[in-house]
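Student: Pulled these features from TrEMBL for this protein:
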- 1-19: signal peptide (SIGNAL)
- 29-53: region 'Disordered' (REGION)
- 29-52: compositional bias 'Low complexity' (COMPBIAS)
- 77-101: region 'Disordered' (REGION)
- 133-156: region 'Disordered' (REGION)
- 134-156: compositional bias 'Low complexity' (COMPBIAS)
- 209-307: domain 'EMI' (DOMAIN)
- 309-456: domain 'FAS1' (DOMAIN)
- 460-601: domain 'FAS1' (DOMAIN)
- 605-747: domain 'FAS1' (DOMAIN)
- 751-883: domain 'FAS1' (DOMAIN)
Amino acid sequence: MPDMLRLWACLLLLGSIQAVPFYGDLSSGESTEINESSGSSESSDTSSFMPHLTHHPLPLHRTLFAPLAPLQPLHPLDPLEPMHAQASQRTASVWTGPGSVQGPIPLAPQRHSSHLLPLYSSGFDTEFVPLEHQQPQQQGRQEPAGPVPAQAPGGVDQKPFNVESITTDVNSPNPAIFFQQQFPFFGNEFFNSFGGFGFGAAQEPWWKGPNVCTEKEEDETVASATETDETVDTFGQERDGVSSVVRSPLFGQFQFSVNSCAEKPNKHVCTKIVNQNGKKKTLTLTRQCCYGYGRPRNADFTTPCEKIDIKDVEATASDMGAKQFLESARSAGELAEMLGGGNGKKVTLFVPNDAAFVEYRSQQQQDNNVEDPKAEASKPSIYKLHAVLGEVQLEDVQNEKLLQTELADQKIRINSYQLPAALGLEPYRYAANCVPIEKHDKLSEQALVHTLGGVLKPVTKNVMDIIRARADMSIMRTVLEKTNLSAMLESDRPVTIFVPTDAAFDKLEPHLRRALKEGRGCASNILKNHLLDLTFCSLATVPGAKTTAYNLLGEALLLNRTHLDKNQTGPAPIYINNLAKIIDADIMGTNGVLHVIDTILPTESALPMTSLMTQKNLTIFQQLLEASGYADQFDDLDNVTIFAPTDKALQGTEWARMLKEQPELLNKNLDLLEFLNYHVVKPMIKTCDLTEQSLPTVSGSSVRLNLYSTHALFSDVMNRATVNCARLVHFDDESCGSVLHQVDRPLTPPKNNMLKLLEANPNYSKFLELVRKANLTQLLSNDSRSFTLLVPKNDVFEELTESTEGSRPSDPMGLVKTHIVEDVVCCAGIIPTNWPFVRSIESISGQHLRITRDRRPKIENAGVTKCDVVATNGILHEINDIIVPRPLRNQQRPQLIPPGAGYQPQGDFDVFF
């Protein structure tokens with residue numbers, strides 16, 4: 001590696017020495033470069049900017065080993081004077097090859113020092129230097145371009161694409177340019193030798209070649225409050241909102257900026273935003289093929305703009321296979337008016353192709369029983385509906401753009417859909433009112449022409465009005481109005497709806513069909529599954545590829561256009577989620593499009609709760625709902641959370657036994673209803689919104705939610721939830737505005753507080769006696785606090801007292817407080833831990849008790865033999881030993897004091913543990 005570094009250093013040094021003679025600042029006519037192959041010579045163009053960089057250097061491998069030439073002095077570079085641009089100034093120019101003599105004036109004056117970095121001036125004037133001015137002239141095309149016609153820029157038939165790129169640069173997109181400016185003795189060929197490493201420019205893009213018109217636009221506005229708080233708009237130079245420069249530049253005059261460029265087939269647009277002293281200036285530089293010039297479809301990025309043949313509009317349409325529409329318009333006397341009436345205004349025509357227009361005239365003849373097929377088609381409206389004032393290039397039109405036609409109150413909605421490159425098709429498909437645009441952006445003498453795969457028809461109704469007018473959509477109309485979703489279909493925002501016919505509703509189960517017709521339960525969710533907040537035309541689907549669209553529920557709809565058999569004609573059928581077929585597509589409204597389908601689209605989030613339970617294998621709980629007779633009421637619940645026990649959790653319960661042996665006793669059973677309602681909480685809470693709290697259930701009692709971490713290292717990351725210490729094992733299944741969580745045990749409302757639990761269980765009598773002696777009964781009966789009580793059974797005390805012959809605790813209050821924790825610690829929250837990731841809980845006596853798990857949960861030296869007995873003010877764990885805090889075990893263990901005075905402990909059985 002050191003040898004390689006030394007070699008590079010030598011190459012750099014030799015290159016700098018040898019390259020100097022070729023980059024000296026020479027006078028006009030002093031230098032010529034000899035072409036070794038032909039012997040011809042070319043005079044250097046010394047009138048161009050930065051002549052010390054524009055002379056062609058020898059390649060690096062020749063300059064390194066050429067004889068040393070006498071060094072010539074380097075002339076200092078002239079300082080750059082900033083250009084003072086006015087707001088909203090637009091200038092167009094055509095860039096030709098460097099050898100061109102004729103041509104318009106370039107955008108920026110060619111000055112001797114124009115290759116320096118642009119500077120800020122004190123009056124917020126900035127120079128936006130085109131990239132062709134920031135880089136030396138290339139040795140590429142030298143042919144001059146002819147005079148530019150005095151027409152407006154146009155486009156040709158092209159393959160649309162739009163590649164967004166963000167580049168951060170220091171006044172230049174190329175690092176080599178910066179180094180050439182600071183160290184001109186290195187030369188351009190040196191940096192071009194590193195093209196594979198990002199230095200130099202191996203090929204010249206089309207927008208830097210000949211026949212390119214450049215348009216500059218500047219717009220100055222007042223920056224918003226957030227934009228003027230604090231900005232840094234130069235490298236190493238801070239600005240504070242409206243104040244002047246706070247700190248001087250670190251070195252030299254540098255400008256650090258972010259340029260956003262978008263490249264299209266015939267257009268390259270760069271935007272630069274500068275924020276200074278509370279003002280925001282937007283500089284836009286657009287390069288495009290000049291009028292009469294274009295680039296072929298699928299052209300490489302280096303293919304230049306070339307002269308194209310521009311014909312009359314009718315000849316152009318004929319070449320595109322769409323002559324009959326314009327012939328019909330001319331015969332009806334409407335063509336001249338469509339083309340602007342001779343006022344010289346730009347016009348865009350959407351011309352139906354011949355096949356589409358012939359089919360339209362035939363259909364009109366059948367529908368209206370007209371003898372002359374041209375009579376209906378010759379109406380003025382049908383022609384003016386296809387003409388738009390202005391030159392509309394599709395690559396410049398945003399999706400959902402509405403274009404005003406020459407027919408009053410009629411607009412054309414333009415939609416574009418991107419296709420994956422793997423299909424081998426054009427990257428975009430365009431539609432006008434969902435009619436496919438087959439060929440586009442063909443320039444003619446009078447208009448820009450796009451051809452259509454159909455005839456545009458007047459659109460007068462919104463989507464909801466179309467549904468109201470259809471006799472086969474009466475149920476859908478009723479449901480939309482009852483759920484108030486009809487308002488969305490009447491607004492101006494774009495929308496797509498897949499409308500099932502009345503026959504499709506007949507396929508539903510009776511309960512769901514009744515709920516939909518009444519607008520109850522899942523009706524709103526089912527309808528939202530059929531709605532998109534955009535205009536989705538059928539041409540967005542491609543045979544053999546699946547197209548994904550997201551509905552108002554945020555769920556994906558997969559649309560698949562099938563392949564037609566050889567003997568089939570017409571459009572290929574489209575299926576949605578492999579269930580519903582589109583039987584009538586692209587019915588256009590003023591605010592979107594409607595597609596008719598033959599089947600209602602199901603969704604889990606729109607299933608009734610009982611159906612969702614069946615789908616999730618919660619069969620016992622669902623059967624209890626059905627047997628109780630309250631299933632419909634549960635399905636109608638909205639904005640609730642249901643904690644449903646799994647089948648495994650309910651097996652062996654009394655309710656499961658009755659369901660199997662005596663199901664008739666469950667009908668309208670109030671105890672069962674209370675049990676079921678205790679598993680329902682308001683409002684709807686997903687796991688991401690769970691917090692430790694008590695929530696009221698529909699039955700009136702409350703359940704307690706707790707969160708725990710099972711990460712040994714990240715103990716503050718809560719990833720386990722319990723409700724009344726029942727663990728959530730599956731969660732977040734949505735249904736009808738509600739959510740379903742599965743728990744591993746049934747929930748039973750607690751009836752007693754801690755003290756009453758001790759009193760009700762005779763196995764806890766000895767611990768209860770200590771609680772009373774410690775005067776802690778009021779604490780354990782307080783329902784306003786939550787505890788975890790660790791209770792040794794009587795046999796633990798009996799073992800100890802047998803060995804100590806009737807001894808009694810020396811500190812009953814301290815012993816009981818060591819077994820009380822003012823927190824809810826469920827067994828599900830106790831995980832295996834090892835040093836150094838030791839976890840502990842704090843008792844109300846201040847002792848820290850280590851918790852872990854091996855075969856069973858363990859708290860200090862005591863194992864938990866019975867978990868999670870729920871009380872109204874906490875939970876109770878039954879343990880198999882008296883807890884001895886770890887520090888006391890290393891000092892003195894708690895003693896039982898036997899009757900009589902002067903007793904001394906005789907052995908280990910005289911202490912706890």
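We count from 1, first residue shown onward.
Glycine too: its Cβ is placed from the backbone N, Cα and C atoms.
Let's see these features in context: how buried, what's close, how far.
Tutor: Mean pLDDT of the predicted structure over the domain 'EMI' (209-307): 67.
With DSSP classes pooled into helix, strand and coil, the tally for the domain 'FAS1' (751-883) is 44 helix, 40 strand, 49 coil.
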Student: For the domain 'FAS1' (605-747), DSSP counts of helix, strand and coil?
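Tutor: Breakdown, helix to coil: 51 helix, 39 strand, 53 coil.
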Student: When DSSP states are grouped into helix, strand and coil, how many residues of the domain 'FAS1' (309-456) land in each?
Tutor: 51 helix, 43 strand, 54 coil
Student: I'd like the per-state residue tally for the domain 'FAS1' (460-601) from DSSP, helix first, then strand, then coil.
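Tutor: Split into helix, strand and coil, the domain 'FAS1' (460-601) gives 46 helix, 39 strand, 57 coil.
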